[in-house]
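Per TrEMBL, the feature transmembrane segment maps to 7-29, 49-70, 91-114, 120-142, 181-203, 238-261, 288-309, 330-356, 368-389, 425-447, 459-476, 488-508 (among others).
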Amino acid sequence: MSKKSFVRGAAVLAVAGIICKFIGMFYRIPMTQILGNYGMGVYQHATPIYAILLGLSSSGIPTAIAFLVAEHLTKDDERGAWRVFRISFHLLFWIGVITTVLLVVFRNTIATIYKDPDVVLSLITLAPSLFFVSLISAYRGYFQGRQHMAPTAISQLVEQVVKLGMGMVLATAWQTKGVEYGVAGAFVGVTLSEVVALLYLMLVQAKQRHSIIHELAKPMPRRSQESTKSIAIRLAKLAIPATVASVIMPLVTMIDGGIVANRLVNLLGYSAEQATTLNGLMGNKVNVLVNIPAVVTTSLSMSLVPAISAYRAQGNIKGIRRNAIQGVRLAMMISLPVAMGFFVLAEPIMLLLFGASDPVMDQTAANLLKIMSLGTIFLALLHTMTGFLQGLGRVRVPLRNLLMGGIVKVILSFILIGIPQINILGAAISSTACYGVAGLLNVYAVKSATRTRFRLKRVLLRPLLASAGMGLVVWLCHKLLVGSLGNAVATSAAICVGIVVYGFLLLVTGGVNRRDLKAMPGGGKLARVLEKTHLLRKE
């Protein structure tokens, strides 16, 4: 495959990933309106343990399969690549069976930890999806190893669309039997989406296998084949680091959720239903919004890995330092205005997206978002610098830093949630601290490894000033319009005005330059236009 085709395939996969993340985030907005705060609390209790078990099959193994398949194909060893797939498929088949059984067997234990008996039915309906995802991972890894990115991208889109459509239909239909049935209906939609995605991948592979059937039929000396044991061991060595990294945050979230439920019920006297509802506010309303900038910063992180790897191979320390500074600047430029918007318009945004419910719960959700607005900034740093460190070949450093952040989160949650005046707000404070510790440690690791000087005026001060000015304008705009136009129109208008004002102030303060714009699609043309109007400063 040509370099151009490879880049095109990688771009297709990246775009599909971004679209899927947006669908996945906004999937919970209509679900909240269908299931309510308590129903989404039950939903939240099922997801961390599911994410942990899911990570065992879908995080590191597909990448490992892709690596080994590509390795065999570079040697024109079509049979070897096929054997990697078959061995991986059988391995993932049993991982899927085991994880599915584990989730069903321990359903009551999980319900006890969360003090939420309604989560049992959800875990049962969600469990089969673990099996199907495991098989999907084998196919996706195989296709990626062959540099065929389209099947993976399309299957991801199919998965999200079916999950959204079937989840909403089944949740609405089953909700009439009770909240726990509505949540279970949403999870049946998840399982069905995995089945459809798997069938699509099987169909694509069946067509592709036709083209290589003659290669597979050729006899090959047994000695020239890599043993099954060797392939399995190499798969494990390649997959384990990424798998461990993928389960850290779900594990922390599960422990944290148990702490929230037990501290609220046992220490502060909340009912189990109230504790579940409060946990749902944090997991399904606030975190959905906080992760919006993460879609962009995760893509930025992915783009940094090959760029930094190339500079490292060339010994180009200036290029590495320049990218480090630009990475932090872009993370700040993206996250600071979003954080300011969340802080200034917390109540209106919550009302616009999720509607009004219980006034106390609505205000609590807004307060959680205000606290987590700071976490948005740290999360952007965390993602961006993780990609940078991976590009430097220091894959264990962000893993260690994230683990340290997770430990801080668990300790703070235990202490703060037990204080009556803080209660559930302690979960937001501890999450912000978690991202802060991990993100700042990543920045420090990059600074130490590359001896890069991050100048606060350029990296932080200019986008901060632009964000502050934007925040003031947005607040005034909403105040002036809400009385006559209502919250939906006033909030939407304020956000649109804020985007324009932020862009203008960023140009005026010199917070953005030509190189920043050229990094974006169509940015070169925009830079030329802005230079003609003297809005863009010369570098």
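Glycine too: its Cβ is placed from the backbone N, Cα and C atoms.
Counting Cβ pairs closer than 8 Å and at least 6 residues apart in sequence, the transmembrane segment (49-70) and the transmembrane segment (238-261) reach three or more and so form a contact. Contact check: the transmembrane segment (91-114) against the transmembrane segment (238-261) gives at least three Cβ pairs closer than 8 Å, residues 6 or more apart, which meets the contact criterion.
Between the transmembrane segment (459-476) and the listed ranges 120-142, 425-447, 488-508, the one holding the most Cβ pairs under 8 Å is 488-508. Counting Cβ pairs under 8 Å to the transmembrane segment (330-356), the stretch among 181-203, 238-261, 488-508 with the most such contacts is 488-508.
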